[in-house]
Amino acid sequence: MFVPTLMGQCTPEQQAYWLPRALDMQIIGTYAQTELGHGTFIRGLETTATYDPETETFVMNSPTLTSYKWWAGGLAKTVNYCIVVAQLYTKGVCHGTHPFIVQIRDEETHMPRPGVKVGDIGPKLGFNTADNGYLGFDNYRIPRDNMMMKNAQVLKDGTYVKVARHGKATYGTMVFVRVLLVNEAAFNLAKACTIAVRYSAIRRQCSPDSEGSELQVLDYSTQQHKLFICIATAHALQLNSTWLWKTFSDTLAAIKQGNVDTLPELHALSSCLKALSTADAASLIEQCRHACGGHGYMMSSGLPYLYAFVTATRTYEGDYTILLLQTARFLVKAYEQVEAGKPLTPTVSYLSQAFTGKKLPWDSSPDGIIRAFQALAAGKLSSTVKSLRKRLESGLSYEQAWELSTIQLNGAAEAHCRAVMSQNYKSEIERLTVNSSPNVKLVLQQLYKVYLYYWALERTGDLLLYTSISESDIFELQLRYEGLLKEIRPNAVGIVDAFDLRDEVLHSALGSYDGNVYERLMAEAQKSPLNAEPVNQTFHTYLKPMMKGKL
Ligand SMILES: CC/C=C\C/C=C\C/C=C\C/C=C\CCCCC(=O)SCCNC(=O)CCNC(=O)[C@H](O)C(C)(C)COP(=O)(O)OP(=O)(O)OC[C@H]1O[C@@H](n2cnc3c(N)ncnc32)[C@H](O)[C@@H]1OP(=O)(O)O
Ligand SMILES: Cc1cc2nc3c(=O)[nH]c(=O)nc-3n(C[C@H](O)[C@H](O)[C@H](O)COP(=O)(O)OP(=O)(O)OC[C@H]3O[C@@H](n4cnc5c(N)ncnc54)[C@H](O)[C@@H]3O)c2cc1C
């Protein structure tokens, strides 16, 4: 977060000074935006940076307990510099939040600078090797030049000058990291399904007919149902991440030419794709853990660590609900454009055909299912706008009506994102396999079909509302889905091997390439400190006195 913010928020002169120092690790930095009292609501941040023209410095202050910075990674003990997002005051006027580069520790002794209060926030669900920290200021001065001045400036005399063409230009690093997190979700989910699929090929349990040998658990339909959607989702996320990265790069190039027109669509897309990919990855990693039974609960399986790491991504860089609501804002505007007969941007163009008032005829081909997902998103959006307007007609303010409609708004944004993801998944597979062998094509198509069928079956209630799908169509789709799982089964281990993740990366007794699950579990168990001595001292201190009635 530190280096991308230096790149995105500094003037060229500031970059020339700070970037080489950061890239050479002469200084180490972090990004401190969130406070004890505010994370989502950035405009509510309380840390202040007040310009003093006499000394040409900003005076940093933490006026309340809730204004203390909280969470920044590496802040507690590691970093000596910090990007601090603070309310900028100059000439007695508050100009809202802006980023500042703040030295918090001495470059030689590493002691906190006078006026800086910094420490560790304590143990967390995961991420415990990262020293997330707190930070407060007491009249701490930084030079005027330490304000990151690409998008806004304070001149020596204290005059405030806005430079950016877009009001939310200072939120740029967050958009960038949201884009990266989609890739991070794909990578970690690929790790979890490699572990769970390999283990399920080794693990044998139960014998359907009492005479036969025990089956590999991967042969059970329910296990395939748990795991193959994980593989398909890892592919879907990876391909969507590459697609989103291209959208981000194109938008950045346009912004450099002074055109900010595509930023709202990029914000809407990066918000919902970050939300859905991190939420799906976290819940499917947990599903992989369930698929490994009791051994999945062992730290040595690698799965608890993966889950703890990934579940945080659902929250940081914008909480799931909040980001879907940002996408919903964009969708409601798109709805109004359809009504006004105005052109739509590419990822919502499907809306122009969707408001026919009739149910979409059901078609169970992959393209038909994607159209159904679009109809579902459009239908949910339309119902949501109706609710919103009904509430407005009843005399509520727009904000009140919006708040009461947020459950539906989130549903519409989730459905839109699922439709975008499904469409991209299929079209990217088709584009990338043009020259592939028929067998590779077949397997990759089987996987995107698993994704489409799985989500269609998960959303039958919605499909019944917005398409002409019938009970027998659903029954037929269920059978097709179950058949597909059996077609994928023989290739399942090969498909996860194709993620090409080394044992050192998986870090799992269950998922290693050699399949020596039991030997590795036992070897890991031997590392327990409790196995270092035959009788633990707690026996003498507590158990024996209790057993002898002497406690
Ligand atoms: C570098 C790491 C890379 C990869 C990770 C890899 C591995 C993981 C390993 C380790 C972990 C690494 C890093 C952890 C990093 C975690 C860092 C953080 O969490 S930093 C803190 C992040 N905080 C947030 O994300 C806060 C979320 N809140 C918001 O974004 C905003 O407050 C809000 C909810 C969007 C609302 O903002 P605001 O109240 O200011 O907005 P308004 O309501 O006034 O206006 C809304 C208006 O603005 C538009 N808009 C909002 N945001 C943006 C944007 N970013 N870009 C463009 N436009 C934006 C919005 O659409 C509205 O427009 P309108 O409808 O009015 O036209
Ligand atoms: C591991 C980890 C690392 C982090 N690293 C950093 C970092 O390096 N730098 C940094 O600055 N921050 C960091 N953060 C903080 C992170 O960005 C915030 O936790 C996140 O933005 C959510 O804010 P919050 O915690 O204040 O939650 P809140 O905003 O308090 O949200 C709490 C709940 O209320 C809901 N809610 C809030 N507002 C609304 C609303 N308007 N409508 C409906 N529901 C709402 C949310 O959906 C959520 O369910 C990190 C967090 C974690 C967990």
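Any Cβ shown, glycine's included, is placed from N, Cα and C.
Some features that TrEMBL has for this protein:
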- Glu317: active site, proton acceptor (ACT_SITE)
- Thr34, Gly73: FAD binding site (BINDING)
- 1-28: domain 'Acyl-coenzyme A oxidase N-terminal' (DOMAIN)
- 171-332: domain 'Acyl-CoA oxidase C-alpha1' (DOMAIN)
- 366-548: domain 'Acyl-CoA oxidase C-terminal' (DOMAIN)
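Structure with TrEMBL features highlighted.
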residue : record                       : Cβ within 10 Å
Thr34   : FAD binding site             : 18
Gly73   : FAD binding site             : 18
Glu317  : active site, proton acceptor : 20
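Outside the domain 'Acyl-coenzyme A oxidase N-terminal' (1-28) by six or more residues, the chain places 73-74, 78-81, 83, 99, 101, 107, 145, 148-151, 170, 172-173, 176-177 with a CB less than 8 A from a CB of the stretch. Cα to Cα, Gly73 (FAD binding site) and Glu317 (active site, proton acceptor) are separated by 12 Å. Averaged across the domain 'Acyl-coenzyme A oxidase N-terminal' (1-28), the predicted model reaches a pLDDT of 97. Between the alpha carbons (Cα) of Glu317 (active site, proton acceptor) and Thr34 (FAD binding site) lies a span of roughly 10 Å. Residues in the domain 'Acyl-coenzyme A oxidase N-terminal' (1-28) partition by DSSP class (helix H, G, I; strand E, B; coil) as 20 helix, 0 strand, 8 coil.
Under the DSSP three-state reduction, Thr34 (FAD binding site) is assigned to coil, being neither helix nor strand.
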